[in-house]
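Database features, via TrEMBL:
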type	residues	note
BINDING	GLY92, PRO93, THR94, ALA95, VAL96, GLY97, LYS98, GLY99	ATP binding site
DOMAIN	85-264	domain 'Guanylate kinase-like'
Amino acid sequence: MRVLTPQDLLDRAWRDPDSAAGAMRITEFLTAIPAIGDGKRDRILAELGISPVKRIGGLGTRQRAALWRFLDERWPRLEPRHGRSRLMVLAGPTAVGKGTVAARIAAEHPEIHLSVSATTRPPRPGENDGEHYFFVDDAEFDRMVDQGELLEHATVHNAYRYGTPRAPIDTALAEGRTVLLEIDLQGARQVRAAEPTATLVFLLPPSWDELVHRLVGRGTEGEEERARRLRTAKRELAAQGEFDFRVVNDDVARAAEEVVSLAR
Ligand SMILES: Nc1ncnc2c1ncn2[C@@H]1O[C@H](COP(=O)(O)OP(=O)(O)OP(=O)(O)O)[C@@H](O)[C@H]1O
Ligand SMILES: Nc1nc2c(ncn2[C@@H]2O[C@H](COP(=O)(O)O)[C@@H](O)[C@H]2O)c(=O)[nH]1
């Protein structure tokens, strides 16, 4: 039988705050971990900004994320929860804010590996090769597909091709890191088929009007391309039930933390 890890206990507590695990004091939880005595416990609580009177089930989103990050950094090779892999997909309709939320996660959580996709789309102003995307031509994209270098790939919005390079993901997963893919619905379905234990998160706009407002406000597409993207968006929204979790992007920081807490 697998030994219960501290992460398993947190998991139990957060799924059911009224359980014995949820009612456990944070002080009791930490000192139950080998190598953590009273002094170290108090330093950890100060570092994480958690009051010693807190119960595990009563921790806020940020405190949960901080505690989980702390555990993951010190015990990075513990098994993922519920047989789920550390591979996480963030999908959702155009302009919902996937890129913005993913960038926020990468900035706030450097321990999470954000995959950089390859695409045949030309760079937008301010986008850098190797940072936002690997910008490649059709011949290079074909080569990557032929050589099996992509975990998934798709033609998105009936326009350009996009794909997830496999090697950096394998490396990050082998290091025990969580990996986040920001990809479209077709890609999410391919990842689910290839890796059924991946966690699929669908990002939702607060409303359809707000989605259109964000797309227009971004100002990176002409009218024809915007119309094409909104047609795809309707199809994508209809498929949200295929995902494990849905997160509303009403506020970037809040949505980013919610996605991170799902990775925990
Ligand atoms: N919570 C939010 N509130 C208001 N505006 C937001 C929010 N999140 C993102 N935005 C804005 O919405 C626009 C679209 O965001 P972003 O480019 O991240 O979307 P996306 O889902 O990655 O789009 P695409 O799939 O078309 O690449 C940007 O101008 C961004 O600044
Ligand atoms: N299937 C994949 N979809 C991807 C990948 N990288 C990005 N995307 C999705 O493409 C659209 C358009 O992106 P944009 O940068 O041109 O606005 C968006 O939905 C992305 O999520 C990928 O590797 N595979």
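Cβ coordinates come from backbone N, Cα and C, glycine included.
TrEMBL feature annotations superimposed on the structure.
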residue: GLY92; record: ATP binding site; Cβ contacts under 8 Å, 6 or more apart: LYS98, PHE202, LEU203, LEU204, PRO205, GLU236, ASN249
residue: PRO93; record: ATP binding site; Cβ contacts under 8 Å, 6 or more apart: PRO205, LEU211, THR232, ALA233, LYS234, GLU236, LEU237
residue: THR94; record: ATP binding site; Cβ contacts under 8 Å, 6 or more apart: HIS157, LEU211, LEU215, ARG229, LEU230, THR232, ALA233
residue: ALA95; record: ATP binding site; Cβ contacts under 8 Å, 6 or more apart: PRO205, LEU211, ARG214, LEU215, ARG218, ARG229, ALA233
residue: VAL96; record: ATP binding site; Cβ contacts under 8 Å, 6 or more apart: LEU203, LEU204, PRO205, LEU211, ARG214, ASN249
residue: GLY97; record: ATP binding site; Cβ contacts under 8 Å, 6 or more apart: LEU203, PRO205, ARG214, ASN249, VAL252, ALA255
residue: GLY99; record: ATP binding site; Cβ contacts under 8 Å, 6 or more apart: GLU182
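Checking the binding-site residues PRO93, THR94, ALA95 against ligand 1, the ones whose Cβ sits under 6 Å from it are THR94, ALA95.
One way to see the shell of the ATP site is to take the Cβ centroid of GLY92, PRO93, THR94, ALA95, VAL96, GLY97, LYS98, GLY99; the remaining same-chain residues with a Cβ within 8 Å of it are LEU203, PRO205, LEU211, ARG214, ASN249. With a cut-off of 6 Å between Cβ and the nearest atom of ligand 2, the binding-site residues ALA95, VAL96, GLY97, LYS98 reduce to LYS98. On the 0 to 100 pLDDT scale, the domain 'Guanylate kinase-like' (85-264) averages 94 in the predicted structure. Mapped onto three states, the DSSP output places LYS98 (ATP binding site) in helix.
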